[in-house]
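Novice: Structure provided below as structure tokens; questions to follow.
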Amino acid sequence: AGFIKSPLSQKRLTQDSVELYCEAIGNPIPEIQWWFEGNEPNETYVQLWDGARQDRVKINATYNLHSTSTVYIANLTNDDSGMYECRASNDPDRNHLSKSPKVKWIRSQANVFVIERPDIKAHVTGVSGKLILTCNMTAPYPAIEGHEWMHGDKILQTDTESSAFTSYTIEGKMEEYSGIYECVYKTSPVIKGQVNISVPPQVMAYKKSEHGNEGDTGVLTCKNPSFPPVSSWVWYKNGQEPIINGSGRYIIKSSGNKTELRILKLNIEEDTGDYHCNATNSYGFGGATVNLRVRSRLAALWPFLGIVAEVLVLVTIIFIYEKRRKPDEVLDDDDGGSAPLKSNATNHKDKNVRQRNAN
């Protein structure tokens, strides 16, 4: 057996996660095991199993053409620091309790250094129509080579300053810029802080006015683009009690920042009107209104019937015009046929006269 890829040593912060990768080849395909030795002087190597350390350790292995294995450790603590060893062997007696393997396990090692996470104080302040986001990292912390401010995958600002304090300014209102912002310290390993701009739900209707045909299913949708996510949605019609999911012809589907009300077999008299979607989160509540108009099923046929009527009128006009035009065309043809005969007779008479004069 031999290694194709070996695990790499890494630095991580407490509460982070780490993943080590190992790949071996051989004939027959070798088995891969993971072992760990802590930094304490009296600690010895122990084998790691899937689900170890209160289910923080996950081990995945595949044996197809060659062997691959990954060990993943979540929510790291200082006790996770140490030497991680990938072992591979394809000796048939490798796991025999009484026989020692003829071929020893080959080994590849990687160190994992878990560093205590520094505390970051994050604040949002509103001043004169501006939002000022700040992060301040408390000592001790690694050397800082700069900062970045991020919103999702978008980099908003970057610098090369070494200060533990960093800030970012937004021109606008909190309701317009709610969300999760990150202050990233360029250290080894990278340290991130989180600044949350939180507001009550800013609910919007997907369409302020919806149309549906009688007998069809009507779909009304509302969404909340703000942060934090909605914890509960409520639908109700003007002057009525809240709509209960599954009652009557109503089906409500809500997931995070989106809700959908479906009304089965629309009825013109009962279902036409304004519907309200109300959202609640830890900072308050908000809502929006959707107007539903239900049309008769025959209403969809009126445009088609109008087109058919126009075609029939046009065909009738053409038919009448053609019917009246045909007698005139017959007379014109008769007159045109007699004229050439007179012309020919005249031409022959003139020709005979010229011939007698010549003699």
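Each Cβ is built from the backbone N, Cα and C atoms, and glycine gets one as well.
No curator has checked TrEMBL annotations; they are predicted automatically.
Quantities reported herein were computed from a predicted structural model and do not represent experimental measurements.
Relevant sequence annotations retrieved from TrEMBL are reproduced here:
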DOMAIN    16-104  domain 'Ig-like'
DOMAIN    118-198  domain 'Ig-like'
DOMAIN    201-295  domain 'Ig-like'
TRANSMEM  300-321  transmembrane segment
REGION    329-359  region 'Disordered'
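Quick one: where do these features end up spatially?
Specialist: Taking the domain 'Ig-like' (16-104) as a whole, pLDDT averages 90 in the prediction.
Residues in the domain 'Ig-like' (118-198) partition by DSSP class (helix H, G, I; strand E, B; coil) as 3 helix, 48 strand, 30 coil.
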